[in-house]
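Participant: Structure below; questions to follow.
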């Protein structure tokens, strides 16, 4: 026999059995981190995203400043606040008095119709108004006997730049044309025309324009002043409030009844209304950005509770993309509001943002129900935010309700989190 080495038999190769593909949809992969660490990172990410929100706020503030400058330029050409004092009989000022002297009417009835409108220059606008004023009343005939000259002067103090049209002054059955000076309208009346009139009635009308406010001096012993207009937010903030007023969505009406018990030139202040602009588009955008931090926090917690309940971790990069979408909402809102109404701009920007985030969550987690849930949460938050922007009186109430509901949802959702 030959001395041959023993034959070595190689071990059998392992059999590879292919695994069936997983039936679960693709899900985001990321490092498995603790709940506490992820909450801290979300807070830091919110702070980073607020830098973008502040940049948009500065942009809105800058454009608001430009809008105010353009508006002031328009107002300077159109006319500023309108103040009307008179009519009264002008006499030489008393050296001991600080203001011009005059003989006031016994009674004065003023009716003014003020129509506000907007003037545009590019994408900017200014709120102005036109006013139709009618005046009637009467003087005492004895007042005219104080004058030794052959004529007297009836004056109405008003900035002539604000006056667009006047009708002649009618005294009795005679009319007299108005003349303009630097600060008033005046008409020269011959004394001889008034000798046979016991009470001297007068009437006239003026068409004026201005912006910001319309005021009338109750210059007679007995005054009845009525102002109506289409402004929806007048502010009756002068010395005397109207005895009756009505403000609605179609406009306002106000009536003053003022009686002076002391003869001579009256000491009452002007009565009338400031026409507030309310909250314009840039101010609304700036106010909306103030709620950005709350919107981001609530959205992140909604996504966070979704991933914890579904046990599908979402990387922080995905949170970052969702946060960027939330910040871009304000850029869209600012840009759209310069070309359409704020309500339409808010609706379009909100729909675009909600649709983007909803579809992103749907595809990322492979769950249509999750996408619809996020859509509902975002819709509620943006809806509450819009209400707070439009109804400033109840902004605190609605904001508190939103935070209370968010806190209740957070407390309930935290019960399902497994801490480690």
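For all residues, glycine too, the Cβ spot is worked out from N, Cα and C.
These numbers come from a predicted model, not from an experiment.
These came from TrEMBL, pasted as-is:
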COMPBIAS  7-23  compositional bias 'Pro residues'
REGION    1-29  region 'Disordered'
TRANSMEM  39-60  transmembrane segment
TRANSMEM  288-305  transmembrane segment
TRANSMEM  317-336  transmembrane segment
TRANSMEM  342-362  transmembrane segment
TRANSMEM  369-389  transmembrane segment
TRANSMEM  395-415  transmembrane segment
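Neighbours and distances for these, please.
Facilitator: Note on the transmembrane segment (39-60): residues 33, 282, 285-286, 289, 292-293, 296-297, 300-301, 304, 316, 319-320, 323-324, 326-327, 330-331, 334 of its chain, located 6 or more positions outside it, place their CB under 8 angstroms from a CB of the stretch.
Proximity of distant same-chain residues to the transmembrane segment (288-305), defined by a Cβ-Cβ separation under 8 Å and at least 6 residues beyond the stretch ends, is recorded for 38-39, 42, 45-46, 49-50, 53-54, 56-57, 60, 314, 319, 322-323, 326-327, 330, 333, 346, 357, 361, 373-374, 377-378, 381-382, 385, 388-389, 399, 402-403, 406, 410, 413, 416-417.
Long-range contacts of the transmembrane segment (342-362) within its own chain (CB-CB distance under 8 A, at least 6 residues past either end) are made by residues 281, 284, 288, 299, 303, 306, 321-322, 325-326, 328-330, 332-333, 336, 368, 370-372, 374-375, 378-379, 382, 386, 389-390.
Here the transmembrane segment (369-389) has long-range neighbours at 279, 284, 287-288, 291, 295, 298-299, 302-303, 306, 310, 343, 346, 350, 353-354, 357-359, 361-362, 395, 398-399, 401-402, meaning same-chain residues at least 6 beyond its ends whose C-beta is under 8 angstroms from one of its own.
Residues 291, 294, 298, 301, 305, 309, 381, 384, 387-389 of the same chain, all 6+ positions outside the transmembrane segment (395-415), place their C-beta atoms under 8 angstroms from a C-beta of that stretch.
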